[in-house]
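These notes are about the structure you will find just below.
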Amino acid sequence: MSQITEQQILDTLKSVRDPENDNDIVSLNMVSGLVIKDGNVGFAIEVAPERGPKLEPLRKAAEDAVHALPGVLSVTAVLTAHSSGGQNAGNQNAAPPPPPARGAPQAAGQRPPAQGGAGQQRQMVPGVGAIVAVASGKGGVGKSTTATNLSLALSRIGLKVGLLDADIYGPSLPRMMGISGKPTSPDGKILKPMENFGIKCMSMGFLVAEDTPMIWRGPMVQSALQQMLRDVEWGELDVLIVDMPPGTGDAQLTMAQQVPLAGAVIVSTPQDIALLDARKGLNMFRKVDVPVLGIIENMSVFICPNCGHESHIFSHGGAKKEAETLGMNFLGEMPLNIDIRITSDEGRPIVVSEPDGEHAKRYIDIAKSIWDRLSTGTTAPRQSPTIVMQ
Ligand SMILES: Nc1ncnc2c1ncn2[C@@H]1O[C@H](COP(=O)(O)OP(=O)(O)OP(=O)(O)O)[C@@H](O)[C@H]1O
């Protein structure tokens, strides 16, 4: 099968016209972040935010036009918000700015653009650069372990990081971050976050005893999350990682809608069933116009601590394949390793307990890739600013 080229795609997209500007979307510099991988094509169409809701037919027409090209297996086009429509087009290969040195003040231009996705309506959290959800389609895939280690890895690359445990049904942050005690509130209104390893943390687990069963109704869940976002003295943060509750039900959807997310990371195990769930996770964020920054495959391979033999307990590479099929970014894989489990359970996650080890390096690579995407506004698929609608 012949390889599809960027030029062929752009030529084809010239047949798609912007009804309001009487020209085609390529000539209007609206196409950005074009990525081609093994016949899977992804690109963004930049539009002014207020036009987003009306332009689904345009997005669909662009997708269909490219899909008709021989050699194209899948196409993902996303509408992205740009206040002056198309201003970034042509800039998609710009190198991401290097992460700031630890403790260095952040130049305004290096800030991720990002809180909010399409949610200009969602209230921002002052001082917080980008809020990133770590989510999974189902429970037990290692979402909290990943959220915790990613926070630490983002901190290792010099960023100011907060970690919010939104998994209010089964908060695990206090244990994983090795924090006990309760947050204080000197003025009786705003809570001071707890802190360990340089990460500011908040979790319902700090406020109620670990063995208290939590029975929450929808509105209570939402107000608890809102309070943990807005009534906590987060201060200046580059990134706030939110460990979402597992699943893709109504509660998760509402949360994803309410939090001004800059993007989401999906954690998945390689099992097919989990991948189906991961797909639900992707769709959930798409529904609420939050860019998916990529998928992390957790527990990808078991490496025997005695002989080093690699056992692919679940089918290996499934998440990567799935990501490619969906035109999504694959952020990396973490092996199933006893040290990752023990260190998390002991409250000294692997990124701090074995800072120079292979696992820490992997988390740091993933953190860098996430930060690159946030700071360049290149989110989904592979490259693009904030998604307005799908
Ligand atoms: N890569 C890994 N290697 C070994 N153990 C892991 C790995 N990732 C997670 N675990 C272990 O798997 C268990 C579940 O992980 P975790 O609590 O992070 O999952 P979760 O998806 O957040 O679960 P929940 O649905 O309860 O929120 C924990 O004991 C954790 O230490």
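Backbone N, Cα and C define each Cβ position, glycine as well.
Given the structure is predicted, the values throughout are model-derived calculations rather than measurements.
These come from TrEMBL:
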DOMAIN    6-76  domain 'MIP18 family-like'
REGION    83-122  region 'Disordered'
COMPBIAS  85-94  compositional bias 'Low complexity'
COMPBIAS  103-122  compositional bias 'Low complexity'
BINDING   Gly137, Lys138, Gly139, Gly140, Val141, Gly142, Lys143, Ser144  ATP binding site
Measure from each Cβ of the binding-site residues Gly137, Lys138, Gly139, Val141, Gly142, Lys143 to the atoms of ligand 1 and list the residues where some distance is under 6 Å.
Gly139, Val141, Gly142, Lys143
Relative to the Cβ of Gly140 (ATP binding site), which residues of the same chain, six or more apart in sequence, are found under 8 Å away?
Pro246
Least surrounded among the binding-site residues, given as Lys138, Lys143, when other CB atoms within 10 Å are counted:
Lys138
As a quick check of your reading of DSSP, tell me how many residues in the domain 'MIP18 family-like' (6-76) are helical, how many are strand and how many are coil.
26 helix, 22 strand, 23 coil
Run through the Cβ atoms and count how many others sit within 10 Å of the one on Ser144 (ATP binding site).
26
List, in sequence order, the residues of the same chain other than Gly137, Lys138, Gly139, Gly140, Val141, Gly142, Lys143, Ser144 whose Cβ lies within 8 Å of the centroid of the Cβ atoms of the recorded ATP site.
Ser136, Pro246, Val267, Thr269
Average pLDDT across the domain 'MIP18 family-like' (6-76), rounded to a whole number:
85
Looking only at Gly137, Gly139, Gly142, which of these binding-site residues has the biggest number of Cβ atoms within 10 Å around its Cβ?
Gly137
Note down the number of other Cβ atoms within 10 Å of the Cβ of Val141 (ATP binding site), including every protein chain shown.
24
